[in-house]
Amino acid sequence: MRVAIYHSSDEHSIQVGKDLAKILSQNEIVIDNEKPTVVITIGGDGTLLSAVQKYLNLLEEVRFVGVHTGHLGFYTDWREYELETLVKALKSDGGAEVSYPLLNIDVTHTDGSHISYKAVNESTLRKLSGTMVADVLIGDNLFERFRGDGLCISTPTGSTAYNRSVGGAIVHPRLEVLQMAEIASINNRVFRTVGASLIMAPNETITIRPVPSFHRTYNFTADRIDLLDKHVKEVHYSIDEQKVKFLKYRHTGFWNRVRNSFIGSIDEV
């Protein structure tokens, strides 16, 4: 086992990273930030998302585990005072894992160039100013012409993030699906959209094709990647063949995560 430590930039997380490195060394576990088999993130969910982006080329070999140093994270299963217990669990690791779908994103520009991204949670496309007008294709078929602030495409694990904030459904990650949620769509007697989030089968794809206009600067996001782009021709979304893998021995069940994150404790009647 080779372990990488990926921490947030705040002083507390940096210190927790140093403490963890010391405990790992004491237990003769190799620290390797270049070619790890386990990546331990220290911080919050944002830190874990950044770590996935850093190790995209190693997703087949790497499993992730999160230590949260602030508020309870959706992806982080351990607290900073449990480092000794975490290392003991690593030493007895049997290779068990739980995997979640990844979003594959292909951006085509007006000059014909392509850029690909992957996301654990979601991707959004919004117009920087004014109403975004875009054709939405499901597969090769035109589904609707959208007018509004933008669109959010999420994975099942990402369904609890921004997707939930814009009224999308929460989806269990064992369902390897895409979800498209509208961001402030325009619906009246002249302009209509479906007005609800759409959940796609694993083999279906979504393409957003903005209608050309004078003001065509778009805000594109993929997890923590946030870009302004003036040359977007279309954005194509699908479920990626790869998955992101997490250590299983302390991995909280999905619906327990949802309850802990959004509801909290419940007094039984």
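Each Cβ is built from the backbone N, Cα and C atoms, and glycine gets one as well.
DSSP gives Asp45 (active site, proton acceptor) a helix state. Summarising the environment of Asp45 (active site, proton acceptor), the number of other Cβ atoms within 10 Å of its Cβ, over all protein chains shown, is 22. Residues annotated as active site, proton acceptor in Swiss-Prot, with sequence analysis given as evidence: Asp45.
For Asn121 (NAD(+) binding site), other Cβ atoms within 10 Å of its Cβ number 26. Positions annotated as NAD(+) binding site by Swiss-Prot: Asp45, Gly46, Asn121, Glu122, Arg147, Asp149, Thr160, Ala161, Tyr162, Asn163, Arg164, Ser165, Ala184.
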Legend entry - Cβ neighbours within the same chain of Arg164 (NAD(+) binding site) - under 8 Å, at least six residues apart: Ile170
Legend entry - Inter-residue Cα distance where the pair is Asp45 (active site, proton acceptor) and Thr160 (NAD(+) binding site), in Å: 12
Legend entry - Neighbour tally for Ala184 (NAD(+) binding site), based on other Cβ positions within 10 Å of its Cβ: 12
